[in-house]
Amino acid sequence: MTARCARLLAVILVVLLVVAAGLLLLRGDLWHTLTNQEALAQSVRALGAWGPVAIVLGEILQVLLAPVPGQMVGIVAGYLYGALWASVLCSVGLAIGTLIAIWLARRLGRPLLLKIASEELVKRVDNYVERRGALAFFLIFLLPFLPDDVCCFIAGLTPLRIGEVVILAIVGRAPGLIVSTLIGAQAKKLTWPQIAVVGAAGAALAILFIRYQDRLEQAIFGLLDRFSANQPGKAPGRQEPDTSH
């Protein structure tokens, strides 16, 4: 795919996403639908054959819009389509969302990053990439509690190739994605009391995560700091991002 074709495809996808989001915003239940598992499942089920497309779009929005819970999309997809097919759909959406994030970052530059991420986070990730290269992003995508969606944008201004970042995002997020789709696939076998227990446990974990998110994030970043400092190596210097596809 040529650079021109890739840019055109990205523009088309962004426009479609904006139009879809605009149509949804005309309805008052957008936030309820996106954040409520049963409401989201009913909405996707009502789309019939377009349901898989909705799952892909949901995963794209999860990458581009941090408030959209990615695990929720995976659980709903697993509930409706089974773990295997759901994992494929979510991976496609994840790949497209990552491509769009990288394109937006390279199109709009560092000012965009500083609107969605702190200067400290951008410098921190830059340092990881200089010291560890692609492995740094793989660990960011793999480890929990880190702002991996924002890092998709940051990746756009690093020397890493676009295809490399997409692969790292898919492989690094695969364990969490598989778990969420498996949970959704197994939900049909649970009794209502079991669903209530699982739901209560999930809600409790979500509350704890929200309450201690900053501490958890800093703890994981601390591990990455030590990992990057053990073998510093020679920093490759700032390079122009590769725009080849």
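Every residue number used here counts from 1 along the chain in the order it is shown.
Cβ coordinates come from backbone N, Cα and C, glycine included.
Summarising the annotation, TrEMBL assigns domain 'VTT' to 68-185. The feature transmembrane segment is assigned by TrEMBL to 7-26, 46-66, 78-105, 134-158, 165-185, 191-210.
DSSP places the residues of the domain 'VTT' (68-185) in helix, strand and coil in these numbers: 100 helix, 0 strand, 18 coil.
Summed and averaged per residue, pLDDT over the domain 'VTT' (68-185) gives 88.
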